[in-house]
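Sequence annotations record features per position, and here Swiss-Prot assigns ATP binding site to GLY170, ASP171, ARG172, GLN173, THR174, GLY175, LYS176, THR177 based on sequence analysis. The site 'Required for activity' feature in Swiss-Prot is assigned to SER363.
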Amino acid sequence: MLNIATDEICSLIRYRIQNYNSELKLNNVGVVFKVGDGIVRVFGLQGAMAGELLLFEEGSVGIAFNLEKNNIGVVLLGDCTLIQEGMIVKGTGKIGEVPVGDKFLGRIVDSLANPIDGKGDIVSSQTRLIEPPAPGIVDRRSVYEPLQTGITAIDAMIPIGRGQRELIIGDRQTGKTAVAIDTILNQKGKDVKCVYVAVGQKSSSIAQVVTTLQDKGALDYTILVSAAADTTATMQYIAPYSGTALAEYFMYNGSHALVVYDDLSKQAQAYREMSLLLRRPPGREAYPGDVFYLHSRLLERAAKLSDSLGGGSLTALPIVETQEGDVSAYIPTNVISITDGQIFLSSDIFNAGFRPAINVGISVSRVGSAAQPKAMKRVAGKLKLELAQFAELEAFSQFASDLDQATQNQLARGKRLREILKQPQYSPLSLENQVGIIFAGTNGYLDKVSIENIPSYITSLTESLKNEKSKFGDVILSTKDFTKDEENVLRNILEAS
């Protein structure tokens, strides 16, 4: 007969009852009920936050973009082909962040900072939010350090300072990217880390930029964020924010960073596409009502930090494309009002053979003059005045049949001054060379040189300045000033050449 150990069974039941865990694990989940065009509609997830990362059953990640009464509009960060109706979606309680660090220098990454250059994974223990708050007023100080672009026309008349936001604007194929790349090339040896964000560009164009940076030795201090034309609208939308997060790492560590957005017109178009698919009300040019905030919250992150925060800086060079030179369109006017100045590139000047095709008349730098080196300030004032007078005289001379000798001389000098502002692509000039060339032009040393021979004259002048580097170049680089002593050295060089 079977003996039942009732005491043992009772003690086991008692033990189980005492140690019973009645805690319920709750997961905030939703269900996919519509998917298409990179947009997913999710039912449920009542506690989801705007901008929260959502995890789909098959591993995809999306961002909660529209919080509506009965559902959530989610934009996907990847491919939507594997997502099906009825799939479970979980909230993560987190917002987007990307890994950051020095190891990203020299690498090409996507909008989520994943490497796409085939050089292996990037191991980083630090992360930054894709959209953190911008530095406050107390956290900033005024712009006072120059950021040399190496382009004479910009450094002389539209100077840029570290921490400034300077818009590069113009029609397609007018050299906007070339100006930005020249600026990156000129940061070599200046302890400025660069981030180039390509939004909606052709893959071949991005490859060309990479090749240029590699050939010139600039990729070592540059991070390239690629959101090519074949990526989703969401990836193109977040690429500038991710690129800024990578640059902010250097700024908050006391270094100087430069970020180029090429270009924000494409980002606005991607945002418009997402908004229209989410059925947001369209406004002017079919852009949503918050498209100004799209760019203002991005560009406000550029700053010159106060000494208490390390004194780092983040300089932004956003690029915006215009149609037929129309700067009064929606996106151009928005970005012009957000930035601290603009460099306007004109297709007429470009087609006339002047490169870089900068229209100095309507280009402006609102805060850069405070950062311009004294040496440049001393020679650039005269250049601006003479070019302005030349532009006025040139327009007048078209209607005049005979001109007096003084006017003819002024026109001849103006043509030579315009000639010295021409510069080959990917050939940035150092500060001492720029000062020497402008001084030669404004003080009449080029008046007897024919316009065709000016490029060769400039080449020989830069060689002469290199030979006298200890007396002229080194002094200007160390003091950033152009005193009588340096002027006498320069006059001797010019008279000898």
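Every residue gets a Cβ built from N, Cα and C, even glycine.
Around ARG172 (ATP binding site), taking its Cβ as the centre, 11 other Cβ atoms fall within 10 Å, counting all chains.
It is GLY175, among the binding-site residues GLY170, GLY175, whose Cβ has the fewest other Cβ atoms within 10 Å in the structure shown.
Shown in sequence order, ILE168, ILE169, GLY170, ASP262, ASP263, ILE319, GLU321, LEU345 are the residues of the chain, 6+ apart in sequence, with a C-beta less than 8 angstroms from the C-beta of LYS176 (ATP binding site).
The recorded positions listed here are GLN173, THR174, THR177, SER363; among them, THR174 has the most other Cβ atoms within 10 Å of its own Cβ. Within the same chain, the residues at least 6 positions away from ASP171 (ATP binding site) whose Cβ sits under 8 Å from its Cβ are GLU321, THR322, GLN323, GLU324, GLY325, LEU345, SER346, SER347, listed in sequence order. For the ATP site, the Cβ centre of GLY170, ASP171, ARG172, GLN173, THR174, GLY175, LYS176, THR177 serves as reference, and the other residues of the chain with Cβ at most 8 Å from it are GLU321, LEU345, SER347, PHE350, ALA357.
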